[in-house]
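Trainee: Next up is a structure, given as structure tokens.
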Amino acid sequence: MSHSKESDELVFFVNGRKVIERNPDPEVNLLFYLRKNLHLSGTKYACGGGGCGACTVMVSRYNPKTKKIHHYPATACLVPICSLHGAAVTTVEGVGSIKTRIHPVQERLAKCHGTQCGFCSPGMVMSIYTLLRNHPEPTPDQITEALGGNLCRCTGYRPIIESGKTFCVESTLCQRKGSGKCCMDQDERSFVNKPEKICTKLYNEDEFRPFDPSQEPIFPPELIRMAEDPNKRRLTFQGERTSWIMPVTLEDVLELKASFPKAPLIMGNTAVGPSIKFKDVFYPVFISPLGLPELYFVDTIDDGVTIGAGYSLAQLNDALLFTVLEQPKEKTKTYHALLKHLRTLAGAQIRNMSTVGGHVVSRPSFSDLNPILAAGNATINLRSKEGERQIPLNSHFLERSPEADLKSEEIVLSVYIPYSTQWDFVSGLRLAQRQENASAIVNAGMSVKFEDGTNTIKDLKMFYGGVGPTVVSASQTCKQLIGRHWDDQMLSDACRLVLDEIYIPPEAKGGMVEYRRTLIISLLFKFYLKVRQELNKIDPQKFPDIPEKFMSALEDFPIETPQGLQMFECVDPRQPPQDPVGHPIMHQSAIKHATGEAVFCDDMPPIANELFLAVVTSTRAHAKIMSIETSEALALPGVVDIITADDVPGDNNYHGEVFYAQNKVICVGQIVCTVAADTYAHAKAAAKKVKITYEDIEPKIITIEQALQHNSFLSVERKIEQGNVEQAFRHVDQIIEGEVHVEGQEHFYMETQTILAIPKQEDKEMVLHLGTQFPTHVQEFVAAALNIPRNRVTCCMKRAGGAFGGKVTKPGLLGAISAVAANKTGRPIRFILERGDDMLITAGRHPLLGKYKIGFMNNGVIKAADVEYYVNGGCTPDESEMVVEFIVLKSENAYYIPHFRCRGRACKTNLPSNTAFRGFGFPQATVVVEAYVTAVASQCNLLPEEVKEINMYKRTTKTAHKQTFNPEPLRRCWKECLEKSAFYARKQAAEEFNKENYWKKRGLAVVPMKFTIGVPVTYYNQAAALVHIYLDGSVLVTHGGCELGQGLYTKMSQVASRELNIPQSYIHLSETSTITVPNASFTAGSMATDINGKAVQNACQILMARLQPVIRKNPKGKWEDWIAKAFEESISLSATGYFKGYKTNMDWEKKEGEAFPYFVYGAVCSEVEVDCLTGAHKLRRTDIFMDAAFSINPALDIGQIEGAFIQGMGLYTTEELKYSPEGVLYSRGPDDYKIPTATEIPEEFYVTLVRSRNPIAIYSSKGLGEAGMFMGCSVLLAINDAVTAARKERGLTKTFTLSSPVTPEFIRMTCVDQFTDMIPRDDPSTFTPWSIHVS
């Protein structure tokens, strides 16, 4: 469909400036336009599907009818620019800038330490800023709600929410924060040794500039004039392939709909947008009736409310809230049900973009609203040229029966939602992988109408989402139950009938089949109880209430605004005020993060002639490549070249890592070829046209079990042993055996892998700008691929938007791929992986299978352990062997077992290679340890914490690999954790709660930790630094470490400030580069501050030694004077610092060695509540005690601990990677991979840095980047405790196989009851499941 007429002009404003686009393309979204056309790079790309909030902007529109301006948050990746005609957009740059003035939102986010890598920070700023534009004095709940659609992978959210709470009227911070006294200290015996002064203040609110809402920019008057123009006309925007038509009257819309019956009506683009991006749907024409007054209204009549189809879901929420306040409760039961689901549906951005009409008509199978609307007898008002008609929003409509659907020329005008009556009861129920911003696994809308004054069913409706391709109605069941009394016998029959009627086949898409079947009847039971309770309220005599023990089953977990305290040692008052070491100093880039002015790799401006790279990946797990057909792709516009293995000048297979697949593919997601084109859109379109034919090769190995069957391994077995295990097993009271599965984890760094490769014109030089943890490795791989010496390859690394191990080895592979493309085309290459490709290609944490045999005495003392670990390494070596070594070396955690054997091996499978991930094997392996300790406790009828204490290391001793250590700080953390968390009192309270509640259970767990930093190879621990002093006295520090958000540069600046005795303001760190510091080690293993700090210290000390003669002659002189004099005296003002590295070693033949420089100890206590009917859980409280020795920067260290804990909690609970039996990864974005949101963090969160000594490290500090990760397993174990309580009450065995993650599915199906017993089960040999576990 092509239009000959020219385009109209698109007019909108961005940050107060008018934008006139003469050739607007309907296929271009606002995110692309801001970044590539307007060069506003503060708005970030992180997922492209509206699921993460990194691209949040504020859209403002003027309503000529109400004369009001409406501000709302929107995800720019889903906003077509053509939809912005007449709107004003504000991006993070328009809120504030370091060049002009920063806004209080930006300042407070930075100063409250709410930014680490900074990639999500602009989106966070925009969400809070938009809230303040609408509510200048927000409540804490409004802050939490506003951030529900924003993901952060670094901070753990607590400081972000706290920065928002500073705008709330009532203070929500600890009342005694200023005094230095901690409200958690029950007594003065806080710390065992000397009483150090404890601080609880990581920032000073007095520094915050006041927030004045009257100073915000005004809405452009020109847009008001445009909106009020009486002579508005239809506009058409003509793109390369599509047309966008904006009608201005309802008649015009109907005319267009008749002419283009297949054209979608675009309002929020939250349904059409993702279908275009992820499902390749194409529409030649879009009709956009945005702002049409006939679609925006609320009409209250005697028997209900009519809502215009153009209303956003957020506006629907406001309209329903208003009605609920105005009308008696019995009339608004449907509205209450809708409001409950609207709170957690997607995030604030999507709720403000998605419209009532769009949501109703797109009918997603997981819709949270449509089942309730159907249960509440809603009606859809339609309009076409033929006139108006009403259709019921019922089962026929939801199940897409042709006779009950819209005709192609019709549009939805409004939705009518009738009032309920006294004898009507309506409920919405749902369960998702996490509470907020996640599609429901199963949801339901149910309503029952009774004969007045009785509990006899007159009408019953049950609609379920998530159980089939559409929302499904249990209409046969409902029909059979009419006339029945609302009692237990009816419930029992209803469950049986509904399971017969709604059948989920065993191989159904989405998996979790038995769980979903259970949810169908569990949600029905909740509805049954709720109605019983409501009937009792009407007439307590006639209708008995539900049992007291069942009451808690009715309530969903509330979304609370989290609070807590952070405790650390105050700086010694005798320390010079200028010395920043030990102070909670803000991240050096924090303000730039919050203003969007921190430059990430893809924020670098375009380079002349640059090309974009798109990947073509394998669709088979193990196959021969028969042919690659590229002619069709090469013929497409903008395509410059296609790069394959034949184009690699040097090694294409380097150290076992294959750059471009050659002759065969060994996993789904392996890169076969890349397309270079003038735009990414052209490159991607061409990549889809590359045709590859395959011939499958057997075997195809996906799981650890399959690898063991085929004897398929990547490395030799690693083993450590102490004592005599076999003999010890003969002298114990009991022996237990078991196995534990721990699934993998996706890094989900907010900035996907990004590389800019620039070929130089001479000497075959290649420069790469990229986000990496290991520039030396990238340099090595690029040099190998191009067959040039390493001195021709420069890698520059300024910062990465999160990494967590995922940017150690993978950028080497991707760097080589892009360098080969740059070399072949002779042009710069910009290579940015889309989120889905990044998740598919780069893989993540190793799935693990642990098998154990434990011998113990009846008093809980463990005498012998034989443990085997297998990890799923994937198809190439990567880091798998080292991960296994770390697992084996750290496999005892905090427990001394005299006879101990541990073996580990990496399996080779046809999955993308798994790689380094924060904690490096420890978080998986120690789940197995905690599982067998808990199992021993269960066998001995002891509490888990008693068995932990009995077996914990108690005195200076040796580890299983013969390394001496003193566990005193471990014991101290453990003791403080039990005392300060009031563990035993809370455990008792939980037991009381569990006695009184049948369907909800609470659980607590306390876990000790003995973690290590560094690597068992001395030369990996070396580091160098280069420090220059310039003649004005300013200092430039460079070193080999990479800034990933952990604040490494900030700490290095603190070190240099102390050593040179100058203010931090004199010191600058620019970037890490292979030019300034060659052969640098990786920034990983929690050791970056340790080793680079020592190198910077060494360089500064060398410089100070050189300056000593000058200082001695003029001791009262200024720094600048000394530098000028030194230069006059020809004293070198540049020095290389060097740290040889901690002396570590491991002899695997002897099974012994000083493998690690030192240990980091800690203890953590978490309390959860689980809903046994649905599997949902709520984290009520967490207390972390971390042995930090002396913290160089408590704000950064606490930030690392909190962020790692939340990331670990994700690993063990909501983060679930789904693979098909063929090895295809399904989880490729935030829609189907659920990292924690602000809602998941503990309601109360306490972190204490415990003081100890660590003379080996710089300033007696410790590396804390990873240690908090494993502490997330306290949540898994607390859930385990709660589930055990439920099983005990139901008369089931106490022990059950613990595995990770403990998803809602795991929790629900382990809390076996009459409902799980009722569902149909399938014989696994009769079908192929949709997804499998690979551990």
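Backbone N, Cα and C atoms are what each Cβ position is placed from, and that goes for glycine too.
OK, TrEMBL features for this one:
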{"type": "DOMAIN", "residues": "8-95", "note": "domain '2Fe-2S ferredoxin-type'"}
{"type": "BINDING", "residues": "C47, C52, C55, C77", "note": "[2Fe-2S] cluster 1 binding site"}
{"type": "BINDING", "residues": "C117, C120, C152, C154", "note": "[2Fe-2S] cluster 2 binding site"}
{"type": "DOMAIN", "residues": "237-422", "note": "domain 'FAD-binding PCMH-type'"}
{"type": "BINDING", "residues": "L265, I266, M267, G268, N269, T270, A271, V272, D368, R430", "note": "FAD binding site"}
{"type": "BINDING", "residues": "Q773, F804, R918, G1085", "note": "Mo-molybdopterin binding site"}
{"type": "BINDING", "residues": "F920", "note": "substrate binding site"}
{"type": "ACT_SITE", "residues": "E1266", "note": "active site, proton acceptor"}
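Locate each feature and note its surroundings.
Mentor: A C-beta separation below 8 Å, combined with a sequence spacing of at least six in one chain, links C55 ([2Fe-2S] cluster 1 binding site) to L31, T43, K44, Y45, A46, T75, A76, C77, G123.
M267 (FAD binding site) counts 26 other C-beta atoms within 10 Å of its own C-beta, drawing on all protein chains shown.
The number of other CB atoms found within 10 A of the CB of Q773 (Mo-molybdopterin binding site), across every protein chain shown, is 26.
For E1266 (active site, proton acceptor), the count of additional Cβ atoms within 10 Å of its Cβ stands at 28 [all protein chains shown].
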Trainee: Across all the protein chains here, work out how many other Cβ atoms are within 10 Å of the Cβ of C52 ([2Fe-2S] cluster 1 binding site).
Mentor: 32
Trainee: Using the structure shown, find which entry in C117, C120, A271 (the binding-site residues) has the sparsest Cβ neighbourhood within 10 Å.
Mentor: A271
Trainee: I'm trying to understand the geometry here, so how far is the Cα atom of F920 (substrate binding site) from the Cα atom of C120 ([2Fe-2S] cluster 2 binding site), in Å to the nearest whole number?
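Mentor: Distance (Cα to Cα, whole Å): 25 Å.
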Trainee: By a simple count of other Cβ atoms within 10 Å, which of C47, C77, C154, L265, the binding-site residues in the record, is least packed?
Mentor: L265
Trainee: Looking only at the domain '2Fe-2S ferredoxin-type' (8-95), report the model's average pLDDT.
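Mentor: Reported value for the domain '2Fe-2S ferredoxin-type' (8-95) is a mean pLDDT of 97.
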Trainee: For the binding-site residues F804, F920, which one has the sparsest Cβ surroundings, going by other Cβ atoms within 10 Å?
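Mentor: Looking at the binding-site residues F804, F920, the Cβ with the fewest others within 10 Å is that of F920.
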Trainee: Validating a neighbour-count step here. Other CB atoms within 10 A of the CB of D368 (FAD binding site): how many?
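Mentor: There are 28 such Cβ atoms around D368 (FAD binding site).
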Trainee: Using Cβ atoms only, which residues of the same chain lie under 8 Å from C152 ([2Fe-2S] cluster 2 binding site) while being at least 6 residues apart in sequence?
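Mentor: C152 ([2Fe-2S] cluster 2 binding site) has long-range Cβ partners C120, M124, I160, M750.
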Trainee: Out of C47, C52, C117, C154, M267, point to the one nearest R918 (Mo-molybdopterin binding site) in space (Cα versus Cα); all of them are binding-site residues in the record.
Mentor: C154
Trainee: What other residues of this chain sit with their CB within 8 A of the center of the CB atoms of Q773, F804, R918, G1085, the recorded Mo-molybdopterin site?
Mentor: A803, G805, G806, V808, A916, F917, F920, L1044, T1083, A1084, G1265, E1266
